[in-house]
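Engineer: Take a look at this one; I'll ask things after.
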Amino acid sequence: MAQIQRFFKMGSASGILLFFFALLAIIFANTSLNNFYFNFLDIPVSVQFGEFMINKTLLHWINDGFMAVFFVLVGLEVKREMLEGSLSRYQLAIFPAVAAIGGMIVPALIYYLITNQHPELSNGWAIPMATDIAFALGIVALLGTRVPLPLKVFLLALAIIDDLGAIVVIAVFFSEELSIQALSVAIVAIAGLITLNRMKVGHLCAYLIFGLILWAAVLKSGVHATLAGVIIGFCIPQKDSEGKSPLHTFEHILTPWCSFFVLPLFAFANAGVSLGTINTDMIFSTLPLGIALGLIVGKPLGVFSFSYFSVKLGIAKLPEGIKWKQVFAIAILCGIGFTMSMFLAGLAFTDGQSDSLINTLSRLGILLGSSVSAILGYLLLKSTTK
């Protein structure tokens with residue numbers, strides 16, 4: 001029991017769990033458990049209250065429901081960093097902000113250049129933009145105190161801004177035909193959350209009630225349901241009427257659940273690639289190549305070049321205690337898209353089948369790109385932090 005407790009207290013524990021459950025999914029998808037795995041994810045699950053009903057496959061419940069909880073945590077983290085952390089002052093925020101912008105633009109551009117002759121793949125441009133913060137921080141944690149604190153803060157701030165970019169992309173590009181009735185309910189729920197915030201209500205149950213209404217309304221509206229999670233996170237007050245911090249309390253509650261349950265579950269549900277159907281031609285086909293090169297080449301090129309030129313042009317300042325070689329190592333680690341890239345792939349290629357060819361190819365590209373980025377980033381970071 002003591003060994004289990006020590007494991008969960010490790011900074012790298014969440015990254016190790018993500019890797020384990022992704023590997024488990026690949027094993028399931030390539031053994032006699034193959035049919036069980038994919039059929040299990042395609043089981044329809046319905047929830048009904050009167051005339052209101054949500055009918056989704058188990059895979060969609062994980063991606064739309066459980067991941068909404070993760071995005072509540074993202075909203076809480078972004079708000080905390082904006083109010084009191086690494087994004088609270090212009091001087092602190094500008095360096096990782098510029099780096100994050102480069103890390104979104106260049107991978108998308110590389111993906112476009114590789115896939116532009118295939119219009120059916122055009123929706124996938126956002127896939128290599130993402131960074132899996134849990135996995136990236138897990139790898140950094142493997143090196144312990146050798147990694148300077150300012151470098152860890154840089155990675156965290158960059159990843160948070162990267163998440164904000166992903167939220168904007170989801171809202172603008174991956175929303176379906178809108179339902180005015182559902183959006184009206186969502187607006188009322190948001191008004192309720194804002195009222196609770198302005199009144200500095202500290203009881204999280206009140207936010208949970210309005211949050212569930214908001215999530216269901218957004219799900220039915222055509223806007224992706226995970227955006228409800230971000231809004232809920234932003235509406236949790238930093239201080240309540242008694243001077244306590246609901247924001248910190250809720251973040252403290254959600255962090256272990258997201259790190260050790262939600263994200264590993266998502267990895268297990270989305271990382272299953274059936275390797276038996278894959279050959280060399282498929283590995284080097286347009287979709288996986290565009291995603292993999294976007295992550296392996298585009299991410300470090302974008303993050304490093306934008307941050308480097310921002311310093312040279314006097315826009316930003318290199319944080320003290322950080323070397324450019326270390327910035328480049330972090331830039332490579334940002335190519336670990338993994339769960340976030342899989343999430344965006346699920347939005348980009350929505351055919352409703354967990355084992356379709358296009359989903360298999362996109363997952364293959366994500367796994368290849370993320371694995372190479374993780375290995376190269378770890379080796380370079382280790383060599384620059386002796």
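Every residue, even glycine, has its Cβ placed from backbone N, Cα and C.
Reproduced below are the annotations present in Swiss-Prot:
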TRANSMEM  10-30  transmembrane segment
TRANSMEM  58-78  transmembrane segment
TRANSMEM  94-114  transmembrane segment
TRANSMEM  124-144  transmembrane segment
TRANSMEM  154-174  transmembrane segment
TRANSMEM  176-196  transmembrane segment
TRANSMEM  199-219  transmembrane segment
TRANSMEM  253-273  transmembrane segment
TRANSMEM  283-303  transmembrane segment
TRANSMEM  327-347  transmembrane segment
TRANSMEM  361-381  transmembrane segment
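Have a look at these and tell me how they're positioned relative to everything else.
Structural biologist: Below 8 angstroms of C-beta separation, residues 86-87, 124-129, 131, 154, 157-159, 161-162, 165, 286, 289-291, 293-295, 297-299, 301-307, 310-311, 315-319, 327, 331, 334 of the same chain, each at least six residues beyond the ends of the transmembrane segment (94-114), sit close to that stretch.
Residues 10-16, 18-19, 103-104, 107-108, 110-112, 115, 151-152, 155-156, 158-160, 162-163, 165-166, 169, 173-174, 259, 263, 287, 290-291, 293-295, 298-299, 333-341, 343-345, 347-349, 362, 365-366, 369-370, 374, 377-378, 381-382, 385 of the same chain, all 6+ positions outside the transmembrane segment (124-144), place their C-beta atoms under 8 angstroms from a C-beta of that stretch.
Remote same-chain partners of the transmembrane segment (199-219), defined as residues 6 or more beyond its termini with a Cβ less than 8 Å from a stretch Cβ, comprise 52, 54, 64-65, 68, 72, 182-183, 185-186, 189-190, 192-193, 225, 227-229, 231-232, 235-237, 239-242, 244, 246, 249-250, 253.
When Cβ-Cβ distances below 8 Å are used as the criterion, the transmembrane segment (253-273) is approached by residues 8, 13-14, 17-18, 20-22, 24-26, 28-30, 37-38, 41, 58-59, 62-63, 66-67, 69-70, 72-73, 76, 134, 204, 338-339, 342-343, 346, 354-355, 360, 363-364, 367 of the same chain, each at least six residues removed from its ends.
Through the fold, the transmembrane segment (327-347) approaches residues 18, 22, 63, 67, 99, 103, 124, 126-136, 139-140, 151, 154-155, 158-159, 162-163, 166, 169-170, 174, 224, 263, 266-267, 270-271, 291, 295-296, 298-304, 307-308, 318, 359, 362-363, 366-367, 369-370, 372-374, 376-378, 380-381, 384 of its own chain, all at least 6 residues removed from its boundaries and within a Cβ separation under 8 Å.
If you look at the transmembrane segment (361-381), the same-chain residues 6 or more away from its ends with a CB under 8 A from one of its CBs are 22, 124, 127-128, 132, 135-136, 139-140, 142-143, 147, 270-273, 278, 282-283, 285, 287-296, 299-300, 325-326, 328-330, 332-338, 341-342, 345, 348-349.
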Engineer: Count, for each of 10-30, 154-174, 176-196, 283-303, the Cβ pairs lying under 8 Å from the transmembrane segment (58-78), and report the range with the highest count.
Structural biologist: 154-174
Engineer: Excluding the flanking five residues on each side, which residues at least 6 beyond the ends of the transmembrane segment (154-174) place their CB within less than 8 Å of a CB in that stretch?
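Structural biologist: Sequence-distant neighbours of the transmembrane segment (154-174): 71, 74, 77-78, 81, 85-87, 92-93, 95-97, 99-101, 103-104, 126, 129-131, 133, 136-137, 140, 223-224, 226-227, 230, 303, 319, 322, 327, 330, 333-334, 340, 344, 347-348.
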Engineer: Counting only residues 6 or more past its boundaries, what in the same chain has a CB within less than 8 Å of a CB in the transmembrane segment (176-196)?
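Structural biologist: For the transmembrane segment (176-196), the far contacts come to 206-207, 210-211, 213-214, 217-218, 220-223, 228, 231-232, 235, 237.
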